[in-house]
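What Swiss-Prot records for this protein:
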BINDING   52  thiamine diphosphate binding site
BINDING   451, 478  Mg(2+) binding site
REGION    400-480  region 'Thiamine pyrophosphate binding'
């Protein structure tokens, strides 16, 4: 037996669940926890970000790459109020993340406007689990529950609120931290009749497509996906979170779909007469449901029953693990009526797939070919590909540049493309890139960001330099929120709220001790990238670009000006209405 502080129990519980990285912010409520970390093996694995929001994005970047809550946040009371945006991304993007919120003295709870009492209930709509710990002997149990929920299905954020007086209190530690708990393995088998029905639909379709989402990556299903696609000769489209689960150099790879996706993928989805959806929420980022995609008949497979049939109505809904379902499918396909064991290159739909992919590849090459300035962002990505290795990670922020970053990256592995995939939150890129670099120190991390996005978190260059995180940041500058500049001009003939002045980005990077360089000729991009790599430092490369290239102008994702919402004519309610929303019945398209 030993007498231990609550802070020590918190650290021991995090160690028990395999925490690799701690991102924490100091304040009076986190003093005891900071001291406890310094005395543990995690003391050398603590990052103190410039802001709590930047730190929460680092946690997301780390855990997205690792596919578990390997990084944990520990935050000083009022700083917790900055976490919500990153936690919302973790929820809808299915990123496992445990956050420890250290609140003010618990004896003040419930008093009218007590100083610095964080309303922990504000996390309830966002986190998949929100707990308030009010007894010291419950600390370990609460953290155990947080990991169980965060790494479950669906994955997401879990928040544990602990009053800081408990971190200073002492108690006999016997049996207070659950020991030997194992993570549940999600191996959900589908009913045999559902597997046979899916196999029959796949074989009978003239132009089938497999849509592979992030659930395929999380299940470790890349090998099964490759075997299934080649066995049936079915082209593979991925969602944004599924990018890389199928090697994008393969002849059956159509790339990622959606409004930031590849045109070959969107064309393939539009031409399909049947889609096998594996491990996807069917969200806007995954397939651009709000803009372009009308689904044919499809079978929807996911571990989360809550996402089945919520937007589209599938022919068959299956609650199953993506990898397990594919393995079941591979087993029954040879006995399915109409199945032919022939090379995928000989199947009828292969020619159409190659035509779509060739057209897309040709278009991308055209975008990469120009030598003029402002530079093409596709050209920048072409130069990145020359130095990119299979293990390297591409991170993009949100804006016009997102399309060239998605379209220019050719991935061989899952979880190599990182951004705010679920919510599209501006400013996520730089801290997520730092988190990804922390998670995989032997990988190169290339970030593409707009100047507007970089304004959010450029202060985290301190973390990059202090911890020797050699992220290579390409900041595409045009002194505007380019996507909105284009759309505002298209719709209203003016660009209010979209332009701003830039600082000396290269000078700022150098002031922090990072490498910095400004590109003034397109032909200099390759050399700048190599010099950044050779420096071994965090690096910033400024690349001037136009305001119009990318998401809002190029229709390859089926979007472009289609992002604009046409107003509807709503009749005036002159007599009043007894029922809220009554006039919605009379809306005109």
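Cβ from N, Cα, C; glycine included.
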Next on the checklist: Counting across all protein chains present, how many other Cβ atoms fall within 10 Å of the Cβ of residue 52 (thiamine diphosphate binding site)?
Outcome noted: 23
Item to check | Between residue 451 (Mg(2+) binding site) and residue 52 (thiamine diphosphate binding site), the C-alpha gap once rounded to whole angstrom | outcome: 21
Checklist outcome for this item: The DSSP breakdown of the region 'Thiamine pyrophosphate binding' (400-480) into helix, strand and coil residues is 34 helix, 15 strand, 32 coil
Checklist entry - How far is it from residue 478 (Mg(2+) binding site) to residue 52 (thiamine diphosphate binding site), counting Cα to Cα, in Å? => result 28
Item to check | Surrounding CB atoms that lie within 10 Å of the CB of residue 451 (Mg(2+) binding site), all protein chains | outcome: 24
Checklist entry - So what pLDDT does the region 'Thiamine pyrophosphate binding' (400-480) average out to? => result 97
Checklist outcome for this item: Across every protein chain in view, the count of C-beta atoms other than its own within 10 A of the C-beta of residue 478 (Mg(2+) binding site) is 23
